[in-house]
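Per Swiss-Prot, the features are:
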type     : residues : note
TRANSMEM : 6-26     : transmembrane segment
TRANSMEM : 30-50    : transmembrane segment
TRANSMEM : 87-107   : transmembrane segment
TRANSMEM : 109-129  : transmembrane segment
TRANSMEM : 173-193  : transmembrane segment
TRANSMEM : 196-216  : transmembrane segment
TRANSMEM : 219-239  : transmembrane segment
TRANSMEM : 242-262  : transmembrane segment
TRANSMEM : 271-291  : transmembrane segment
TRANSMEM : 299-319  : transmembrane segment
TRANSMEM : 335-355  : transmembrane segment
TRANSMEM : 359-379  : transmembrane segment
DOMAIN   : 405-486  : domain 'RCK C-terminal'
Amino acid sequence: MDADSINSFFLIGALLAAVSVLLSPMSSRLGIPILLIFLAVGILAGEDGLGGIQFDDYSTAYLVSNLALAIILLDGGMRTRVASFRVALWPALSLATFGVAITTSITGLMAAWLFDLHWLQGLLVGAIVGSTDAAAVFSLLKGRSLNERVGATLEIESGSNDPMAVFLTVTLIAILANVDTELSVSFMLVSFIKQFGLGICLGLGGGWLLWKLVNLSKLAEGLYSILVLSGGLIIYAVSNKLGGSGILSIYLVGLFLGNKPTRGRHSILNVLDGMTWVSQIGMFLVLGLLLTPSDLFDILLPGFALAFGMILFARPLAVWLSLLPFKSFSSRDRWFISWVGLRGAVPIILAVFPMMAGLPGAQLYFNLAFFVVLVSLLIQGASLTTAARLAKVELPPKPLPISRSGVEIYPSSEWEVFVYCLSENKWCVGEPLKRLSMPDGTRIAAVFRGDKLLHPSGSTCLEAGDILCVLGQERSLDALSHLFSQAPETKEVPRFFGDFFIETDVKLADLAPIYGLDLDEEASEMTVADLVASELGAHPVIGDHFQWQSLHWVVAGLHEGKVTNIGIRLPPET
């Protein structure tokens, strides 16, 4: 490649990236996933599009996609709270194993029938599109206030279901490439355990080593993110080389680092956020360039049948069967999880495997995977907000600071600066600072009024539009945000949580005359907390609800896993 070719490559790549960024606001206006914008730019620049760029280098696409996916999973792992595993780990693992196997089987049989394939070829198609995509799920769920059990289940599932899909895809390719191959059940079981076992061990072990290395190193601030990124990729590559799941390993590395006091954590997350965007843009641009849209016309009708069969039948059945042992999921939860079986980059990456193995019909597998991904992003991704509202798994938005940054004075520092802008409707406007009931361990460090810095004292009166810089820790975030942030609309919280709020240490007998409860002797001795435990089990989350004695009860507050407040909605005729 000469200098002119290199400059042309830089020019085209930068132009496509810039166009993708500038067009990204269209996603919210059109109600479509932003990943679809990136993919569309790549397709339009490709062979059948306006750009006319001919790109059919599957090896390069495989390299770029794997690198991008590794970075996205590292970032996603660092942003996942390990506390969410308390309510979502086992359901997510059930979906990541049994769910993928069921989806693969049903989708594979449909593909074999629709495209007149051998049943093994059909199963290969099912395996390729059988797993949800972490990049798509993390991207579309980021910033959404969902029921914790549902949101965490979807995120953990998407970060851990790729080993099953990779295992099934590689196994079926081996059988189809050599029809004389005899793969025993024991061999397949060992391979499966190896994928998961090595992936988990190397992810957690490597995460611990990398965490120690980061905290023991004294580097320039910008280098910590490079160390984490390179260390994560080393563990990803080693896991893959040894036959484990690199995808699972790097997700667990991120999970370990994100839930430990890590030096430079906030700067690492800021850098990874930018790297994740670059990865998503680069990956979907390359995958878009790889597609020749005219090839999809030949599979249009059966392709739609396959995609909708998977979305409306295979995925829901897999979810309902996989979640049968978990009674904490309501029917609405299960329907929403079924609908958010988003397909993205992973099926397309897996579809490259048969191309690189030289299997007959590999181009059909690739086109089918791409078609299913397009339909999934267009239909499921675009309707995510509506689905969450209909399933009632979306919580009222929490008030948040306009920005937050870490104060990393020592490796395990958890101090942060939260920045709030006071709106006119906050009760503290016009009040002196000494009248504020600040949470323990917090302090107002600075007050900005216009472009002036005030020196806050107890007599400083707050005004609408003031910018407050508050020093505190994450555990105080909810209390601070309710004190200073713009709250949700007043009608929104009662609509979701109910008409009245009560604390859970109140006895049901005290509520009986107010709400007309008919209590037996046992119920008369119960508190609201006892009622919640008997109705919802050991691990309730905010937004969980149940019907009892004609009243609708909704969990409205939690502290350290225990329900502190509950909302009560009266029956319509009351």
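Every residue, even glycine, has its Cβ placed from backbone N, Cα and C.
Of the Cβ pairs linking the transmembrane segment (335-355) with the transmembrane segment (271-291) and spaced 6 or more residues apart, 3 or more are under 8 Å, so the two regions touch. Recorded stretches compared: 30-50, 87-107, 299-319; the one with the most Cβ pairs under 8 Å to the transmembrane segment (359-379) is 299-319.
Taken as a whole, the domain 'RCK C-terminal' (405-486) shows an average pLDDT of 83 in this prediction.
Annotation: stretch 299-319 has the most Cβ pairs under 8 Å to the transmembrane segment (109-129), among 6-26, 30-50, 196-216, 219-239, 299-319. Beyond the transmembrane segment (219-239), the same-chain residues lying 6 or more positions past its ends with a Cβ under 8 Å from any Cβ of the stretch are 67, 70-71, 74, 198-199, 202-203, 206-207, 210, 213, 245-250, 253-254, 257, 263-264, 267-268, 270-272, 275. The recorded stretches the transmembrane segment (271-291) and the transmembrane segment (6-26) share 3+ CB pairs below 8 A when only pairs 6 or more apart in sequence are counted, and are therefore in contact. If you look at the transmembrane segment (30-50), the same-chain residues 6 or more away from its ends with a CB under 8 A from one of its CBs are 12, 16, 19-20, 23-24, 135-136, 139-140, 280-281, 284-294, 344, 374, 377-378, 381-382, 384-385. According to DSSP, the secondary structure content of the domain 'RCK C-terminal' (405-486) in residues is 14 helix, 28 strand, 40 coil.
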